[in-house]
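Take a look at the structure below.
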Amino acid sequence: MTQDELKALVAQAAADYVKQEVPEGAVLGVGTGSTANLFIDAVAAFKDRFAGAVSSSEASTRRLQQHGFKVLDLNEVDEIPVYVDGADEIDASGAMVKGGGGALTREKIVASVARRFVCIADGSKLVQTMGAFPLPVEVVPMARAAVARKLQALGGQPRLRMTKEGGIYKTDNGNVILDVAGLKIDDPRGLEQTINQVPGVVTVGLFALRGADVLLLGTGDGVQRTDY
């Protein structure tokens, strides 16, 4: 199966999961990215079961609204039973690298409110040690150079994310992203705390302190479920 076929397979499995596990009238938490987009498409078939959805990005909001979902502000919501999102890397403990799509801060906020984080990914995302995928760090623009020096001191090679058109990439929050290569992430919880304490960092794309509760992994043998 191709990677796109695996993503579609696991997105449908996640839709089946929330249909069974999320009570009618509840609010659904929805992530960002190519796999999350396929999940939105799949879960739209029974969108009327939900009171609405909380989205982690403007892009996901647009896709949800195109399907007729009511998109709610997180400040209006008391509880999110399940948050569904993809990952750029995930290890055996359920810790993840996220932020390839640029929505890491809002993803982390919505995930922090959810009772369960369901990660959906194809088999290539499951790794023994994270770090091959450059680690995204969202940064206040004025602190870009100072934060880059701190990340270099940690052994990383930060690079400012650019758009396809050659401009500086800006997040939905108006910040910039440093993508940090060269890090061997053998202590994801510790590294998440260390980078988040650097002045000017909004958040790092490490989801270890609040990792996945469930992994739905698309493989050539079907969808494998892991509970953490």
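Note: Cβ is positioned from N, Cα and C throughout, glycine not excepted.
Annotation comment: Swiss-Prot describes T32, G33, S34, T35, D85, G86, A87, D88, K98, G99, G100, G101, K125 as substrate binding site, evidence class sequence analysis. Feature annotation from Swiss-Prot assigns active site, proton acceptor to E107; the stated evidence is sequence analysis.
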Binding-site residues compared (K98, K125) - highest count of Cβ atoms within 10 Å: K98
Check: same-chain CB within 8 A of substrate site center, minus T32, G33, S34, T35, D85, G86, A87, D88, K98, G99, G100, G101, K125: G31, A36, A121
In three-state DSSP terms, the structure that E107 (active site, proton acceptor) belongs to: helix
S34 (substrate binding site), number of other Cβ atoms within 10 Å: 14
Whole-number Å value for how far E107 (active site, proton acceptor) lies from K125 (substrate binding site) (Cα to Cα): 18
Annotated substrate contacts T32, G33, S34, T35, D85, G86, A87, D88, K98, G99, G100, G101, K125, maximal Cα-Cα distance (Å, integer): 16
Cβ neighbours within the same chain of E107 (active site, proton acceptor) - under 8 Å, at least six residues apart: G31, T32, S56, S57, D85, K98, G99, F207
